[in-house]
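What Swiss-Prot records for this protein:
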DOMAIN    21-311  domain 'ABC transmembrane type-1'
TRANSMEM  22-42  transmembrane segment
TRANSMEM  68-88  transmembrane segment
TRANSMEM  146-166  transmembrane segment
TRANSMEM  167-187  transmembrane segment
TRANSMEM  254-274  transmembrane segment
TRANSMEM  276-296  transmembrane segment
DOMAIN    345-579  domain 'ABC transporter'
BINDING   G378, A379, T380, G381, A382, G383, K384, S385  ATP binding site
Amino acid sequence: MSLFRLYTRVLELLGKERRLGWTLAVANLLLATAQFAEPVLFGRIIDVMSGNLATGALVPETRSPWPLLAAWVGFGLFTILCSATVALHADRLAHRQRQAVLTSYFEHILQLPLTFHTGTHSGRLMKVMLQGTDALWRVWLGFFREHFAAILSLVVLLPLSLYINWRLAILLFALCGVFTVLTTLVVRKTYGMQNEVEAQYSDLSARASDALGNVALVQSYVRVDAEVQGLRFVADKLLAAQMPVLSWWALVTVITRASTTITVLAIFSLGIALNQQGLTSVGEIVMFVSFATLLIQRLEQVVSFVNSLMMEAPRLQEFITVLDAVPAVRDRPDAIDPGRLSGLVEFLDVSFSYDGKRPAIEDLSFTALPGQTIALVGATGAGKSTAIALLHRAFDPQSGVVKIDGMDVRGLTMSGLRRNIGVVFQEALLFNRSIAENLRVGKPDATDAELRLAAERAQALDFIDRNDLGFDTNAGERGRMLSGGERQRLSIARALLKDPPILILDEATSALDAVTEAKVNLALDEVMKGRTTFVIAHRLSTIRHATRILVFDNGKVIESGTFDELVAQRGRFAELARAQFMVQEEARAAVATATDDAPVRL
């Protein structure tokens, strides 16, 4: 993305603040015009006092300097008031819009598909959000407070200086042109280098976040020194990339200071020569020296602005790239909110591919009646999770239709559809908030009595009441203050509060010990009552009483039936069942043999 296009996008993000932005632009134009009145009046006052008539006619000739001085005071007061007003409103605009864009970005990334979040480090997304919005704030604030006025000053100065004395004006702009060319070369030189710097910043953030997210692993394997050394290595690469950029911008500082001195001396030299020929006045020479000083200052501001924009460009580009990421699915313009559904689910010849080449799901058809339990079985990558993802519209199928209560899910609003579907994940997902707040994710307006009832039905009330703070107990980051079984029972209580007609159990007990699994299964039996339930399972013992079992292989359903029917068919499912049960029988036999062979002690 070009720098100009990037900056256009930055201005587009002003949103509702555009009207204020235009008002500030007009105020900056007036400010830029008024600022040049001071050197003009200064020069005219000198001419009047020295009796040397000016060659220009910008100000009517007068023998008294007092009217000119009064005008100078008036323009000075106007400039002060206008500058203060612009600065105040520019500050407010930048702060308000930073918060608005931050909220918009946060809402946007929460709506992006899980595949995006799987492939993007959460630490990077946080860095992009915070650094991107801070960069927007700095650019907006600097632009409307001073940089836009500086740019307009250059536009105003050209015709004004040509009108007063075209000879001095040509010299002034020739010298400033050289300054601009040299600065532009430095800007182009450092643009790619700064992109490399920001890439190193992203690596640094991701590595630090990765280590902090696995701090238990780092400590248990005594990897603290190694991780610190790894971070130091990335930081050294960052510093190595940053130093050349800083050197080039130090050169810009030298060019700026040299340009100021050379320009003032050149104008004085030419002005003296012209004055000796009667082609300019002393006041005009002083006026153009003031112009030169003012122009160099404005060019410095413009260069500073371009410099800051160059420094911020990688952050802004990264921010806008995430902001431009398109959700895999969206609400159709004519989508409807279905209200509460009964739970009749139909897959009709559904096919889906992630890459457009190998099908993840192919010609899948089945019907789940309200209240039935449908189990999905198969090896990893067989298509179970993909089928469920199509149900709650993480993706849309390339062909076929997924229906609920006879309605194509693509015709329903996302919020309306997902309000009717509850999910109990394999790893219970909890916020770093109180237990009550985590449960109210399922039902924000739930009363305390409803929380207790849901926790009781989910076999969670006992451990909640054991805590001194009860429902106000903080779950910790990702629920780490609780055990795996406690987290899972809270997840089930949350689903009970949501009370959806359709429930998805994604390996809900696979990571639990036998005792905890028994408690969780009691809670699951409670939450499954009266709901259409889909169970993704590797432990076949957990789906013994499923209404129907679908056996997946390479995106297709190769077997379908009840547990007993599938075992009787002696197919793939029967092999899985025998393998799992044989492992359990062999384990029990080994324990029994060890017990029999052990010596008896009296």
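The backbone N, Cα and C atoms fix where each Cβ goes, glycine too.
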Check your understanding: Of G378, G381, G383, the binding-site residues given in the record, which has the fewest other CB atoms within 10 A of its CB?
Key -> G381
Practice item. Within the same chain, and leaving aside G378, A379, T380, G381, A382, G383, K384, S385, name every residue whose CB is within 8 angstroms of the centroid of the CB atoms belonging to the recorded ATP site, in sequence order. Key: T386, F552
Point to revise | Distant-in-sequence Cβ neighbours of A382 (ATP binding site), under 8 Å, six or more positions away | key: F552, D553, N554, G555
Review point. Counting only residues 6+ away from its ends, which parts of the chain sit with a Cβ under 8 Å from the transmembrane segment (68-88)?
Key: 24, 27-28, 30-31, 34-35, 37-38, 41-42, 44-45, 48, 59, 62, 144-145, 149
**Study point:** Nonlocal residues around K384 (ATP binding site), in sequence order (Cβ under 8 Å, 6 or more apart)
**Key:** L376, V377, G378, I536, F552
